[in-house]
């Protein structure tokens with residue numbers, strides 16, 4: 001990590017430190033903003049003392065980040081179009097990073113201050129979309145090309161469907177518990193149990209399930225939301241100090257060989273399927289010669305791009321031997337080939353077996369570009385874990401008492417938490433970002449409806465309004481900041 005700061009101009013160094021501080025601040029805020037949802041039920045039901053619950057939630061968030069991988073991280077990064085990622089320069093990168101982070105932090109702090117369980121995921125995604133759209137307007141490119149819309153749609157569907165699934169599944173789980181043990185004390189609220197048995201804690205088995213499911217929610221929250229912070233830091237590093245981070249400089253000779261082999265096999269794949277892909281890729285017709293310095297990932301330039309990449313990697317056993325300019329070139333080629341391969345995989349006419357082969361080649365192509373240094377993962381884990389341990393009270397009260405017209409029962413808490421842990425865990429498997437806030441809040445609402453407890457209209461309207469407004473508000477805010485930065489600063 002020390003090498004990161006050596007040889008940098010003073011203003012680049014200051015900008016880098018400031019940008020990293022912004023990202024870690026976002027993750028710290030994310031910790032106490034979102035993780036309040038993870039411990040809300042276990043605190044409200046008195047299954048754990050508040051400070052102990054928050055401490056262990058922080059620990060499990062920390063572990064979730066460390067063990068979660070980087071699939072979700074790069075799902076976030078690839079919301080921006082490939083052209084913006086490959087042609088980024090230091091000034092442009094600074095404007096992009098500070099605009100989206102300032103917008104996300106401002107909205108997160110505002111909603112936390114008013115105790116509204118708004119989504120940090122929506123906030124971050126809205127900020128990234130705003131930067132992409134503003135960049136399209138500034139660069140005079142079509143708005144349709146300003147954002148990776150297919151990735152945005154995939155993530156949008158995940159964010160929309162996960163709360164609906166949370167609502168329905170949590171309601172069904174509660175109904176199942178009521179059918180299984182209709183007279184159990186798990187269907188009491190903490191206040192009802194205190195009056196009935198003069199005890200403030202849940203029955204043992206209910207308490208155990210509440211604690212385990214709360215820690216499971218914390219773990220999957222860390223692995224999902226923590227990866228968003230990892231993705232942001234990689235955006236910062238690639239945008240500000242590209243020579244050090246456009247490629248994984250610690251890649252082994254074997255990994256570089258795999259990348260080179262994947263490129264060769266990709267070329268063979270296209271030649272093998274020339275009847276299906278020949279026109280789309282202009283196989284045998286593309287112009288030869290140097291590729292332009294500023295270019296879009298045109299599928300019809302695939303053959304020249306493959307040749308340029310193979311030429312750049314000829315005899316290379318470690319990426320450190322490449323000049324900074326060559327490293328940027330190699331990343332540009334790899335991202336473009338991956339982008340084209342992704343489009344090819346959606347074309348009709350390819351057999352399922354061929355598509356599976358293409359997916360394997362894509363993984364090998366991006367193995368040395370989709371990575372994160374351990375210190376990045378550790379820094380995000382610490383920021384998220386520490387953030388978990390402060391500021392949780394405002395949102396806990398909203399989740400526990402203000403969604404339903406009655407207090408939450410132990411069974412409702414278990415149903416909502418088990419549902420949230422499973423839903424977010426599944427999203428992690430498929431590398432999709434989801435909102436812990438949305439899934440858990442909708443799960444609690446689902447149990448309230450299933451329990452015929454009723455919903456508090458005022459609170460539900462406030463939460464729904466925050467959900468609806470978060471995306472357009474952060475899009476507008478980050479787009480405005482990016483436009484101002486590029487016009488008056490960069």
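Yeah, the Cβs are placed from backbone N, Cα and C, and that goes for glycine too.
What TrEMBL annotates here:
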type	residues	note
TRANSMEM	12-32	transmembrane segment
TRANSMEM	52-76	transmembrane segment
TRANSMEM	96-116	transmembrane segment
TRANSMEM	123-143	transmembrane segment
TRANSMEM	155-177	transmembrane segment
TRANSMEM	204-223	transmembrane segment
TRANSMEM	229-250	transmembrane segment
TRANSMEM	371-392	transmembrane segment
TRANSMEM	464-485	transmembrane segment
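Beyond its flanks by at least six residues, the transmembrane segment (371-392) meets 1, 20, 23-25, 27-33, 35-36, 38-40, 43, 50, 54-55, 57-59, 61-63, 65-66, 70, 73, 112, 218, 222, 225-226, 229-230, 233-234, 237, 248, 250 of its own chain at Cβ-Cβ distances under 8 Å. Packing against the transmembrane segment (204-223) from elsewhere in the chain are residues 34-35, 37-39, 41-42, 45, 47-48, 53, 56-58, 60-65, 67-69, 72, 185-186, 381, 384-385, 388, 410-411, 413-414, 417-418, 420-421, 424-425, 428, 436, 440: each is 6 or more residues past its ends and has a CB under 8 Å from a CB in it. Scored on C-beta pairs under 8 angstroms, the neighbour of the transmembrane segment (123-143) with the top count among 52-76, 96-116, 229-250, 464-485 is 464-485. Here the transmembrane segment (464-485) has long-range neighbours at 94-96, 98-100, 102-104, 106-107, 111, 116-119, 122-131, 133-135, 137-138, 438, meaning same-chain residues at least 6 beyond its ends whose C-beta is under 8 angstroms from one of its own.
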